[in-house]
Amino acid sequence: MFMSKTFIVQVQYDAKPSIFPTHRHWYDSSLSSLPTTTTATAAATVIHTYDTVFHGFSAKLTASQLNHLKTLPHILAVIPEQVRRLHTTRSPQFLGLKTTDSAGTLLKESDFGSDLVIGVIDTGIWPERESFNDRSLGPVPAKWKGQCVTSGDFTAAACNRKIIGARFFCQGYESTNGKMNETTEFRSPRDSDGHGTHTSSIVAGRYVFPASTLGYAHGVASGMAPKARISIYKVCWNAGCYDSDILAAFDSAVSDGVDVISLSVGGVVVPYYLDAIAIGAFGASDHGVFVSASAGNGGPGGLTVTNIAPWVTTVGAGTIDRDFPDDVHLGNGKIVPGVSVYSGPGLGGPTRLYSLVYAGSEGGDGYSASLCLEGSLDPKTVRGKIVLCDRGINSRAAKGEVVKKAGGVGMILANGVFDGEGLVADCHILPATAVGASVGDEIRKYIITAEKYKSPATATIVFKGTRVNVRPAPVVASFSARGPNPESPEILKPDVIAPGLNILAAWPDRVGPSGIPSDKRRTEFNILSGTSMACPHVSGLGALLKAAHPEWSPAAIRSALMTTAYTVDNRNETMLDESTGNTSTVLDFGAGHVHPQKAMDPGLIYDLSSYDYVNFLCNSNYTVQNIQTVTRRKADCSGARRAGHTGNLNYPSLSVVFQQYGKHKMSTHFIRTVTNVGDRNSVYKVSIRPPSGTSVTVQPEKLVFRRVGQKLNFLVRVQAQAVKQLSPGSSNVKSGSVVWSDGGKHIVTSPLVVTMQQPL
């Protein structure tokens, strides 16, 4: 038996009896009819109502109330609430979005997207930052229906011609956690975390010079769409981001009139009809709003990607060509590399060595001490020394605070095996560096050997500032969540990657750059990493593309980003995977790294309507009721099932999963439709790179377009040979591509992924 929990309730919208003046009155009446027991604290009450992307309400219900509600004829679905988490200056330049030279076409042609509004669903904003000034911006777009919700700490002056809307949603959060503590967070759109300010300035921050964090990454900061307007929807609080609030934010954003929604938040993957983000995003897409969401930071393992609905553009993270190196000098003469954004007093140069200890081997609670958890370090053991800490459990910056409190002078933070070699630079509060798993092993071995020979281990850290023009770049970030898609393996996710490692962007005044409460340093910008940072890059690009092509659908924008993405780095070789140093794959980067200029003029697009998604859900064997929960439509699946399979969704990537079952040969086909958005009288010819062990044919091999906007179909047949010695329960993934080209001006690339599975 459970105490009351929050549920999102879908209601048959056109069934409201005329005696109720509003839907809200009707919902209240439905809840007042529910039984209350003596143990129930109160009658069920409405938390939020929804009427744009979803029809219904959210409420806190006991088990008996839930069961009773399900019997009412106008109740279509009841969805349990999930709690979501955040997916936490050179990137516009690395992407080629400079304002001056010819590479700046995208910015020029769209007037920097000044009529576009980007909704950011996050932790709020610190509006006083220079990144959000409204100098030289015209009036607020006439279509805008949003508002600036004010409070004592967020006055009307917080909004301007840049931040044109700001709302906050905490009813879901408070219905589970009780009243918020207003000494630690703001009951307003103001940001007490930093994440929302950071993502908002990545998506649409103005040009700010000089910009840096503690002297690192010095230069010009700007967002992807510096003239686009932003509207803030604060849904994330100290205890997380609650589905009932997130759905309310989607509902408001779409009815306010945003063009793009940027969401750097995610949670556990569930079927789409139980996923409030997937449902809200479908409603947004149905209204013509482009939704970009972070893939999650669960990498480098497979099947970790989140926000995987095919109507969402799912963004993984890559590196840019800038890093923040340092060297760890060991007492045995070895020098090993690390990264850090530390700017306080140094450790006295390469010749001043300090005792080096690994707390995991120094008595006490070995496991907690190895992770440098709160209260785990013995000051007698670490005072005046550099401490080696393992990654995991508490935040990287918090480990530094634990070391500092115990009297340590510095910290080396070592990746575990699972983290591999991927490094994230942090604004530590003491001299500290992050090192990869192999270097961590090397340092531990050195400490053990030194102890054995009774000559204590020593080390120091030498910080080397900012390094640019790093090769190779981009590299797929170690933390970036990977495919395959756990819910719909026929839809390749992530879709693309974008800059997400060590990204400089705006930061609030009341939060130290390390994010820990004891950090009293203040900085206008901060360097953060995560697919949270990659997502707003793509949201901003989506706004620029929408500004340049107002007639494009959300699917057309995603298609342009995917078919023009690149998979080679600045050495002209396939991008590497940061966690292993090996070549990365389509399951890591999807279609590849976004290429803004090429996306501006993709030649052909793979378009999709809401009805195509309904057919996709039919072919995914969703019930008519499940489909109605997601799409607000009564689906007739008979036509869809005749038309084929889920892989026939007109997606820019092609993916098939074959179950071997002792068969030697398997085959499938994909039907695709492309729309000409390039030149009239253009001829495209196909070139095929089949995945190894397959034969692939495309008919026709030539597409002849007479006019712009014309649509033509083609058929891709894939035959695959069984993979020998594939053990039960395992799979084998091979990739290739189908490429259409008009002889040089446009190259339209679709990844083709073939997965062979040996069933258990």
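Backbone N, Cα and C atoms are what each Cβ position is placed from, and that goes for glycine too.
Around the Cβ of Asp122 (active site, charge relay system), 29 further Cβ atoms fall within 10 Å across all displayed protein chains. The active site, charge relay system annotation in TrEMBL covers Asp122 (among others).
Feature annotation from TrEMBL assigns active site, charge relay system to His195 (among others). Shown in sequence order, Leu86, Thr88, Asp122, Thr123, Cys236, Ser264, Leu528, Ser532 are the residues of the chain, 6+ apart in sequence, with a C-beta less than 8 angstroms from the C-beta of His195 (active site, charge relay system).
Here TrEMBL flags Ser532 (among others) as active site, charge relay system.
Annotation source TrEMBL lists domain 'Inhibitor I9' at 6-87. Helix first, then strand, then coil: DSSP counts for the domain 'Inhibitor I9' (6-87) stand at 21 helix, 27 strand, 34 coil.
For 113-582, the entry in TrEMBL reads domain 'Peptidase S8/S53'.
The domain 'PA' annotation in TrEMBL covers 354-443.
Summarising the annotation, TrEMBL assigns domain 'Subtilisin-like protease fibronectin type-III' to 648-754.
In the domain 'PA' (354-443), helix, strand and coil residues by DSSP number 29 helix, 21 strand, 40 coil.
Of all Cβ atoms in the shown protein chains, 30 besides its own fall within 10 Å of the Cβ of Ser532 (active site, charge relay system). Secondary structure by DSSP for the domain 'Subtilisin-like protease fibronectin type-III' (648-754): 1 helix, 66 strand, 40 coil.
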